[in-house]
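As recorded in TrEMBL, the features of this protein are as follows:
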type    : residues              : note
BINDING : H78, H126, D215, H219 : Mn(2+) binding site
DOMAIN  : 55-134                : domain 'Manganese/iron superoxide dismutase N-terminal'
DOMAIN  : 145-247               : domain 'Manganese/iron superoxide dismutase C-terminal'
Amino acid sequence: MSLLVDPCCCKTTLTSSRFFGIPTSAMSMRAVFAKNKTRGLGFGLRQVRAMQTVTLPDLDYDFSALEPTINGEIMQIHHQKHHRAYVTNYNKALEQLEEAIGKGDSSKVVGLQGAIKFNGGGHVNHSIFWKNLAPKKDGGGEAPHQSLGWAIDTSFGSLDNLMKKINADGAALQGSGWVWLAYDKELKNLKVETTPNQDPLITKGQNLVPLLGIDVWEHAYYLQYQNMRPDYLKNIWDVINWKYASQVYEKESA
């Protein structure tokens with residue numbers, strides 16, 4: 001199972017196995033160690049570590065650039081506090097995973113999977129979310145055209161129908177999570193999905209590619225919209241970056 005992120009968002013593409021959410025490279029560490037046994041165990045660990053490390057991506061706009069839809073205070077806290085914490089905790093969990101694998105501590109390896117899934121998913125999801133937003137002066141809120149626009153009309157009847165479905169599904173999601181516009185590479189169509197907590201879209205199917213993800217955790221809107229999640233979902237369309245979604249769609253549907 002792969003968790004794909006725009007290359008600008010982290011040093012490498014994150015991958016994960018379907019078994020316990022263990023990163024593929026972690027699952028194959030013993031193969032790495034065997035291949036590099038003449039160089040010592042430490043070399044293999046450093047090699048895997050370098051492959052896995054993620055960093056906090058910069059935004060393409062100022063924190064206040066999405067106002068009045070999303071105020072600058074929310075954006076700064078969301079990016080600098082919440083997303084940074086996912087990056088920090090994911091990298092920390094990987095360090096602990098390396099240590100546990102090096103010691104052959106299977107219980108510790110399994111016990112770390114929750115932290116890896118949660119924080120790794122938080123990084124993946126937010127890295128997409130920032131790209132899905134754009135100030136109005138840079139095209140935020142402009143409706144999609146050409147291939148994605150036609151695909152939306154085919155799958156949902158109209159852009160307005162799609163927005164209503166995403167808003168309804170996002171508002172109905174219990175607790176925290178995400179609502180997605182996805183492209184199914186196998187069925188060649190669009191669909192709306194939701195995921196709980198920080199689960200990335202790929203947990204709903206390996207063929208699903210995220211075109212648009214909207215964060216419905218309270219930290220994404222509460223300081224401004226309080227408990228009115230539907231208002232947040234209604235207004236966020238004014239700063240949705242359909243240009244980015246269209247680029248991903250055209251690439252994946254080619």
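Keep in mind that glycine also has a Cβ here, set from the backbone N, Cα and C atoms.
Here the features listed in TrEMBL are painted onto the structure.
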{"residue": "H78", "record": "Mn(2+) binding site", "Cβ within 10 Å": "22"}
{"residue": "H126", "record": "Mn(2+) binding site", "Cβ within 10 Å": "27"}
{"residue": "D215", "record": "Mn(2+) binding site", "Cβ within 10 Å": "25"}
{"residue": "H219", "record": "Mn(2+) binding site", "Cβ within 10 Å": "13"}
Task: Report the DSSP secondary-structure composition of the domain 'Manganese/iron superoxide dismutase N-terminal' (55-134) as helix, strand and coil residue counts.
output: 61 helix, 1 strand, 18 coil
- line: Residues in the domain 'Manganese/iron superoxide dismutase C-terminal' (145-247) per DSSP class, helix first, strand next, coil last, are 53 helix, 25 strand, 25 coil
Task: Average the per-residue pLDDT over the domain 'Manganese/iron superoxide dismutase C-terminal' (145-247) and send me the rounded value.
output: 97
